[in-house]
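Annotated in TrEMBL:
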- C:15-35: transmembrane segment (TRANSMEM)
- C:18-76: domain 'V-ATPase proteolipid subunit C-like' (DOMAIN)
- C:56-77: transmembrane segment (TRANSMEM)
- C:Glu64: site 'Reversibly protonated during proton transport' (SITE)
Amino acid sequence: MMIQLAADGPQSPLLPVWPEIVIGLICIGVVYLAFHKKLLPAINKALDERREAIEGGMEKAEAVQAEARQTLEEYRAQLDDARRDASRLRQEAQEQGATLIAEMREEGQRQREEIIAAGHAQISAERQQAAEALRQDVGKIAIDLAGRLVGESLEDHARQSRTIDRFLDDLEEKAEAGR
Amino acid sequence: MNSDQTLAFETDCHLFQDCGYPAPSLWSFQFEPIFSIGGFEFNKPALLAILGSLLVVGFFWAAFGKAKVVPGKLQMVAEVLYDFVRTGIGRAVIGKQAESFVPLLVTLFFTVWMFNLWAVVPVAQLPASSIIAYPIALALVVWVTYMTVTFKTNGFVGGIRNLCVPGGLPKPIYVIVTPIELLSNVFLRPFTLAVRLFANMFAGHVLILVFLIGAWYMLGTVVGTFFAFGSLFMTLVITVFELFIQALQAYVFTILTATYISGALEEPH
Amino acid sequence: MSAAFETLAAVNGNIGTIGYGIGVIGAGIGVGYIFGNGVQAIARQPEAAGLIRQNMLLGAALVEALALIGFVTPFIFS
């Protein structure tokens, strides 16, 4: 049961039917217009946006990294500064301390010397005073002793020494009473 | 159009019935018109061609209509296909000037592929490009494009030179080469472009028919059924092979178009 | 008797089939060369595989066109 027996024979497959060519051209035209006007611009836009987004993200990441690096450097610089400051301060403090100690020592020396000098001066003054007072006292006492000795009649030696002893005791009593 | 009408061979004939193998003939490419306008009969290949182009537009409309920066699955697939044509064919063959021809290349690639792909779609099972009119329409578009580009870039005289005179040959040879080049560039190019696509799809369809009709023909007796399954298996193998050929022909068609366009864009020597 | 001798070597079918068989030899050799040398070229220089494959397919398409013209010629002259 051949179906298309109505025709005289099959048409040559190499002979085109021109309305079919027109249909083919219309099909291609429709597809081309759809691609050219709408679809490819849309997808190209999306692809560009994606590329921009990716590149933008990378730029952002790079920026963040650069910032981090800069911050780190700043921090390091600050740390260095701080360290330098600290060492400088320590050195200054040491120097100051040394000078202070030296000054103090000098001051102490000076004060000690002053005190010593003052002491010496006082001592010498007191000694002088004492010598002065002693000289007067010795003279007076000698005169007193001589008077007593003369008055007692210097007969015997025992008496003499007794008198001297008594005199010295008196002197001691006097000195104790005077203290 | 019921399925009985699409079978252009003797369906009652089986092995050992003295009626011979009903080999596929040109009747396999003749169709009852669905309807006719004037003298023109609108038949199945025309329907497939229109449906095919609408499918291509529909697919890419669904994928690229609302193109997003973060693509969905459909858009991802379509992007891979699009990128294949754009960079794999356009950029690779034409180079920097490819961008303005990309829509044409994309159109040709997917239209040809869809036309070819009808061969393995159930119910349709006929490549629209096995009817010579559609390859001719495609080749016509290519011919008009590269001729226009030739004369646009080189001017009239330069365009003729571009078509007839290849550079870098000793002078006496031009006597032979010029007519051959003219013939080849102006007439043979569109002819081979159309016939290659047509003949590949035609032969592929016949090949599938040979094994499929063979399977049907040998059905009936026990031995025959055994061979019928062998034939059916061969049909599947050939179908897979055809899938490859279909994509390859679309690729070849597009890459040849790109080659012709890049030849037309060449500056005169 | 003589009629039987006359039909001793009769062949049924279309002579175009044989013509196509002969015509395809050249195209077969050509496609074989192209793909053989293409594979060799890719093996030697895998980094140029894309370009080689593209040109390989181009050449194969051109050669194949000849075989296909042979395939359609019987329809032209039938």
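Glycine is treated like the rest: Cβ placed from N, Cα and C.
Taken together, the residues of the domain 'V-ATPase proteolipid subunit C-like' (C:18-76) have an average pLDDT of 87. In the shown protein chains, 24 other C-beta atoms lie within 10 A of the C-beta of C:Glu64 (site 'Reversibly protonated during proton transport'). In the three-state DSSP classification, C:Glu64 (site 'Reversibly protonated during proton transport') falls within a helix. For the domain 'V-ATPase proteolipid subunit C-like' (C:18-76), DSSP puts the residue distribution at 58 helix, 0 strand, 1 coil.
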